[in-house]
Amino acid sequence: MGGLLLINIAIIFKETLKIKDIFFCIFLGIFSGLAILHSVEHSITIEHLMFFISTTSLIWKLCESNVRINLKQVLSNKIKLLNRYVFFIVGLLLIGLIMPSCYKYINGDNLYYGFAESGHKLAGNICFVTALTIFIYQKRKFQLYQVCILGILFMILLMTGSRTYCIPEIILLFVYYKFNIGKLRTKWIITPIILVATVYLIINSNVLERFISMGNNTYVSSNFWEAVSSGRLIWWKIDIQEFAKLSIIEQLLGKGFAFVYQINEQFYGLKIGAHNDFLNILLSVGWIGLIGYILIILNLFFKFGRQLFFKNDKSIIMKLSLIAVYILWNANINGFYGAQQYLFSFIILILIFDKN
């Protein structure tokens, strides 16, 4: 699937090539060259490169209004098919609720995985389906079943125990409320009901239980914040300390994508990534890669913001704030460029903001 996505991205670049795209491709070439130069475990390098190239390429092209217009047109032309897809996915998730094989018992919590390999994978996909649902309903007249669909998706996400994706899901639901319910005369009746239902679901959710259980998990750490972060604060400190020991050239060029896995395995006991885009890229491809990644994100932020400004968009501050949180939350807590389904939900969020 990653290879097919890259082929489609290459076609998009071919059809919409500009001079600035050449400089972007040069950066990707340098980034890939540095990663391959330091490659120790090729599978890790290839995986990260595919994710990084696809994510940054799509973000880069998302800055262009004509690309967004064409993408919105394609999705709008398939709106009936997309609506059937949403109902199919929701039905599949509901069927999974009565199947014992769709649950896993972890750290004292009975978490819902559905038909995904992990709760995080399922939660990321739910964000994608939620964004797609909002895109479908944004220009339709408000109906109760829309809230029911989104409520089911939110409830199931909470059952996964994924704290990381809970914030983005709430952002998406707020966007739906803002553009679909906020304009209704009856919003003063609907709003309290939605708030009470949301608070009730969160209080009785696996997310809250997992937050409490992880905070008390002394096997991770006796420090509350280290425990509640599932150890992230511990290995982030390790990663930063090991980066500081590198030479200036190594800090500039990085040590390859396998490096962060190696030091976390050596000093923490688990062969895992940094769960943080900025640390991951800094250790892997150095300051060159990190600065490039930050500039690509800022490029989208400022160009899209400028386009909203010239449209005299009254919600510009709200939209840019939500975009920033949507990217930076996952980029710092779990990883943005490696979560492709989450990337797609972000792209649809941009299209929703561009359309309203």
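In case you wondered, yes, glycine gets a Cβ from its N, Cα and C as well.
Automatic, uncurated: that is what TrEMBL annotation is.
Note that the structure is predicted; figures quoted are calculated from it, not measured.
The annotation domain 'O-antigen ligase-related' is assigned in TrEMBL to 150-294. Residues or ranges marked as transmembrane segment in TrEMBL: 21-40, 46-63, 84-106, 118-137, 144-177, 189-208, 281-302, 314-329.
Packing against the transmembrane segment (46-63) from elsewhere in the chain are residues 2-3, 5-6, 9, 12-13, 16, 21, 24, 28, 31-32, 35-36, 257, 280-281, 284, 293, 296-297, 299-300, 303-304, 336-338, 340, 343, 347, 350: each is 6 or more residues past its ends and has a CB under 8 Å from a CB in it. Under 8 Å from some Cβ of the transmembrane segment (84-106) lie the Cβ atoms of residues 112-115, 119, 126, 129, 132-133, 136, 149, 152-153, 156, 161, all in the same chain and six or more residues away from its ends.
Predicted-model confidence for the domain 'O-antigen ligase-related' (150-294) is 82, expressed as mean pLDDT. Each residue in the domain 'O-antigen ligase-related' (150-294) gets a DSSP state, and the totals come to 106 helix, 0 strand, 39 coil.
Outside the transmembrane segment (314-329) by six or more residues, the chain places 164, 167-168, 171, 174-175, 178, 297, 301, 304-305, 308, 336, 346, 349-350, 353, 356 with a CB less than 8 A from a CB of the stretch. Residues 13, 48-49, 52-53, 56-57, 60, 253-259, 262, 284-286, 288-289, 292, 296 of the same chain sit 6 or more residues outside the transmembrane segment (21-40) yet have a Cβ under 8 Å from a Cβ within it.
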